[in-house]
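Visitor: Annotations per TrEMBL:
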| type | residues | note |
| --- | --- | --- |
| BINDING | GLY124, VAL125, GLY126, SER127, GLY128, ASP147, TRP176, ASN192 | S-adenosyl-L-methionine binding site |
| BINDING | ASN192, PRO193, PRO194, TYR195 | substrate binding site |
| DOMAIN | 8-77 | domain 'Release factor glutamine methyltransferase N-terminal' |
| DOMAIN | 110-195 | domain 'Methyltransferase small' |
Amino acid sequence: MDWTVFKLISWTETYFTRHQIDSPRLTAEILLGFCLGVRRLDLYLQHDRPLEKQELTRFKTLIQRRKNHEPVAYITGEKGFFESSFQVGPGVLIPRPDTETLVTTALSVLDEIPRNPQKILELGVGSGAIVISLAKAHPEHLFFAGDISRIALDAARKNAAREKEIGTIHFFNGSWFAPLTTGPFFDVIVSNPPYIPTEDIFGLAPEIRDHEPRSALDGGHDGLTCIRELVTHAGDFLVPGGQLLLEMGFDQKADVTALAKACPQFDQINIVQDLAGQNRVAQLKKKLIKFFVFDIHVRIFIRSV
């Protein structure tokens, strides 16, 4: 029997359904399109095309990888996010649609600040999806992005290099604020930190639990270990009136608000909801200093990687 494009899609959909793979039809189309190097729509324009032997062999390998719950983004090596596509692989957190709320919130903030160029810092850069999206929208600003994972930094650098029109991004290696010299330097700090409580990690889908980097997911016993670090120290690095934007869990509003209120440097707290109506981004604004009549020259030191 000749295995045509249509027959393979139908058979793979049934196979994935039997093995409880999410979105079985869509996954079959994505993997077959990736295997053949064509768009999903083109699969149906050539639905009666038989696959060659080597194509079948390759597709069977992809099917087995997905059956073992390897994320589709790791199999194809790319994930779409905020009008762009980013290269991802093992050791790099896969960008989520929910995180686009963090990007849109940051863009709104950048549009409101008159000073140019603005200085934006992302901590926990991962694939670079957030900072690159911001740098594409506002290439006139200066961007800084750090991560403790060299694997993630390498992916972020490669993704930035793929873009033709993008602002300057300075990447650095280190844990949160540790590589930076304290001083009011940044207009905006953004982060999608780990915020899943440790005990909840084991209940995640195997695609996430068994494949994505735990260091990018595990937020400690209460899910707030990294958020607490960021809220506590961000004020030391923000200019007066600067803002800290944090992605958080939908059920963490009360805890994050309490952390922000306990930090005297912030006087405005706003919670932004995602498209599903879930609490998703904490927006904290540092107090303005009145009668600021002298100049401050601040230098930032970043350890070489």
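Every residue gets a Cβ built from N, Cα and C, even glycine.
TrEMBL does not curate its annotations; it predicts them automatically.
Keep in mind that this is a model prediction, so the values were computed, not measured.
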Visitor: So for TYR195 (substrate binding site), how many other CB atoms are inside 10 Å of its CB?
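Guide: TYR195 (substrate binding site): 22 neighbouring Cβ atoms within 10 Å.
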Visitor: Radius 10 Å, atoms counted are CB only; among the binding-site residues GLY124, GLY126, PRO194, which position scores highest?
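Guide: Result for the most crowded candidate: GLY126.
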Visitor: I need the most crowded of these binding-site residues: GLY128, PRO193. Count other C-beta atoms within 10 angstroms of each C-beta and give me the top one.
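Guide: That would be GLY128, with the most Cβ atoms nearby.
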Visitor: By CA distance, which of the binding-site residues (GLY124, GLY128, ASP147) lies nearest to TYR195 (substrate binding site)?
Guide: GLY124
Visitor: Going by DSSP, give the three-state secondary structure for ASP147 (S-adenosyl-L-methionine binding site).
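Guide: DSSP assigns ASP147 (S-adenosyl-L-methionine binding site) to strand.
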Visitor: Do me a favour and check the Cα-Cα span between GLY126 (S-adenosyl-L-methionine binding site) and PRO193 (substrate binding site); whole Å is fine.
Guide: 10
Visitor: Cα distance, PRO193 (substrate binding site) to VAL125 (S-adenosyl-L-methionine binding site), nearest Å?
Guide: 9
Visitor: Suppose we draw a 10 Å sphere around the Cβ of ASN192 (S-adenosyl-L-methionine binding site). How many other Cβ atoms does it contain, all chains included?
Guide: 26
